[in-house]
Amino acid sequence: MDQPDIEHINAYLLALQETICAALTAADGGAVFHEDLWQRDEGGGGRTRVLRQGRVFEQAGVNFSRVYGGALPASATAHRPELAGRSYQAMGVSLVVHPENPYIPTSHANVRFFIAEKPGAEPIWWFGGGFDLTPFYGFHEDAVHWHRTAQALCQPFGDTVYPRYKRWCDDYFFLKHRNEARGIGGLFFDDLSAPNFNEAFAFCRAVSQGYLDAYLPIVERRKSHPWGERERQFQLYRRGRYVEFNLVWDRGTLFGLQSGGRTESVLMSMPPLARWQYHYDPAHDSPEAALYRDFLPARDWLKE
């Protein structure tokens, strides 16, 4: 079957949101997710779940949305002019986890499906998604584990899949105005419809499970690591980069805002607290400097 089964994708994404929320709730051991069901005037809606002030996670948001429209916003047609004049559906699950302990990295993942149709023409559809990790204090074993997990889930789909999507992730989650990466990357893919629907959908499912396999062991390793005000201040400073990326560069944020998405859900990815400091420059031999020197520059973690 090479025609997309939209209702099957929808059911999978709803179940995925349940699975991820259950896993994060168990990892936190304190707070629970609160749910908002919402409708979009132009068509569609979603289910937003947010956990706040837990034992481990300061904030975690897991959002499901399925939206419809008669015409695409500029953010979608800018690099795909053939989509102009088509109606569309977009659905996906997106999540961001902001831990309280600065030694636990922030993580982000999403999987999404998009289809654009018009009478008398074949539908144009694709999957996209991925996951990426944003440490504040880097640990070599965590970075290696994260990327080995990513490579392992890609391997059944071909030898070139991990290096291609790893490179794409490094390129995408990069703050051009700062000339620095947001984190240590992971996987990023878009416009995936080859070789067929079943294979592309299977890869999306593998990425979804791979995120939990990659992230939860890191949370478990670092959640009891002692920390103080110095680490907290650096975490808040680095969260500022997260805000900058999402508001300036992220295509998903722009699409959500330009397409009339629910603003509270679109901006759910924002950290609850962040700060900026003019011309911050960490001491050369400090753990903070090590993040910039040893972790943010793109590298091949599989060779470590």
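Glycine is no exception: its Cβ is also placed from the backbone N, Cα and C atoms.
When Swiss-Prot records ASN110, VAL111, ARG112, GLY260, GLY261, ARG262 as binding substrate, the matching candidate from SER94, SER269 it lists for that site is SER94. Among the residue ranges 134-169, 242-277, the one that Swiss-Prot annotates as region 'Important for dimerization' is 242-277. For GLY260 (substrate binding site), the same-chain residues that are 6 or more apart in sequence and have a Cβ closer than 8 Å to its Cβ are ARG40, ASP41, GLU42, GLY69.
For the region 'Important for dimerization' (242-277), DSSP puts the residue distribution at 22 helix, 0 strand, 14 coil. You'll find the Cα of GLY261 (substrate binding site) roughly 19 Å from the Cα of HIS108 (active site, proton donor). Per-site Cβ counts within 10 Å over the binding-site residues SER94, ASN110 peak at SER94.
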